[in-house]
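As given in Swiss-Prot:
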type	residues	note
ACT_SITE	ASP150	active site, proton donor/acceptor
BINDING	LYS17, HIS210, LEU211, GLY212, SER213, GLY214, ASP285, CYS286, ARG287, GLY333, ILE334, GLY335, GLU336, ASN337	ATP binding site
BINDING	ARG91	substrate binding site
SITE	HIS182	site 'Transition state stabilizer'
SITE	ARG243	site 'Transition state stabilizer'
Amino acid sequence: MSNKLVLVLNCGSSSLKFAIINPVNGEKHLFGQAECLNLPNAQIKWNLNGIQYDTELSSGSTHDEALNFIEKNIYNQQPELLSQLTAIGHRIVHGRDYFTQSVIINDEVIKKIQGSIPFAPLHNPANLIGIYKAKKFFPKLASKNVAVFDTAFHQTMPEQSYLYALPYDLYQKNGIRRYGAHGISHYYVTHEAAKLLNKPVEKINLITCHLGSGGSISAIYHGQCIDTSMGLTPLEGLVMGTRSGDIDPAIIFHMYDILGMSIQQIYTLLTKKSGILGLTGVTSDCRYIEDNYIDKEDARRTINVYCHRLAKYIGAYSTLMDEVLDAVIFTGGIGENAAIVRQLTLSKLTLLGFQIDQNRNFAARFGTSGKITTDNSRPALVIPTNEELVIAQDTARLTA
């Protein structure tokens, strides 16, 4: 076992992922997740050296309480593992345009993360709790905490990509612009794709699709992001589990003026009751629309809208590649496992030279990576993401 390990914390809006990782080889000695935080059915699951554990947390447990449980009940299962920690890495959802790369956390960094809360009101406060607790639990590593931003990879976007057609002073004075999300994942699969395609990352041109409960797509030109689908917040873009993605903004005024809905009701509808959940009326789980695509109208309707939106973005982003599009990459829980989503999406893109290989597509699931198109097709690849490894490696590099 390496004596240089990194603790990675990823505090979501209602979840908390944690892992102790060897940043050199990616081995996870401990990993787990607390789910349904702030809800009656809060629970936590973890794997320590290959052994699986799970337990219920107190009803309504917060991030703070979940971190206390982890410190008291999980870390103490193997104290010698903690003695090998050299640094702590934190996934931070939004850093505005303050950060173009990962940074060691100090008071100024914390202040800027706090200043970004209006752009990620559910996530950044949870991220800050993780930082405060880590410094408290591991005082000897207080100066070895690193922030890795989901927005940083997208800071290479040119002005024509990140500006909205709104009064310019809204950007200058209020920071209203496109920021994107899932940048850590888009960065990882970009570099992995360059290896698989045997091409220097600074010459690779890709369209990367991170498809999970949240979803985003990025145009990668010469290894850098030049456009991405999520905007000021993670609500814009693709159809997602419970988020609408792109809509006509006037729908909001219609719901407010004509339907009499409050601003909070509209916000909840767009973020919690739309997307796959809204279209099916049953569930936000993509496996439902996969399993019932043939037999149920709601599933068929939903997957058709989902894949139409995704294909439309891929087609649009392909026009940004001045030279050649090397490949389309699928990652994230849906991107890595939903063969039917990949098939239906690529079937709409034959004009771009994509031809699905049914056997390869079906085989590339459940952690298996690889090419899913025919030999004479433009390549499409499945690459399982590994955000924790990126965070661990950035953390180790900055604190070495």
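The backbone N, Cα and C atoms fix where each Cβ goes, and this holds for glycine too.
What you are looking at is a predicted structure, and each value in this text was computed from that prediction instead of being measured.
Location within the structure of each feature annotated in Swiss-Prot.
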residue	record	contacts (Cβ under 8 Å, 6+ apart)
ARG91	substrate binding site	VAL8, LEU9, ASN10, CYS11, ASN127, VAL148, ASP150, ILE184, GLU387, ILE391
HIS182	site 'Transition state stabilizer'	ASP150, HIS210, GLY214, SER216, SER218, MET230, GLY332
LEU211	ATP binding site	LEU238, LEU310, PHE330, THR331, GLY332, GLY333, ILE334, GLY335, ALA338, VAL341
SER213	ATP binding site	MET240, GLY241, THR242, SER284, GLY333
ARG243	site 'Transition state stabilizer'	GLY214, PRO234, LEU235, LEU270, THR271, SER274, GLY275
ASP285	ATP binding site	GLY241, ILE276
ARG287	ATP binding site	ALA338
GLU336	ATP binding site	PHE330, ALA364, ARG365, PHE366, GLY367, VAL382, ILE383, PRO384, THR385
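Within 10 Å of its Cβ, the residue among the recorded positions LYS17, ASP150, ILE334 with the fewest other Cβ atoms is LYS17.
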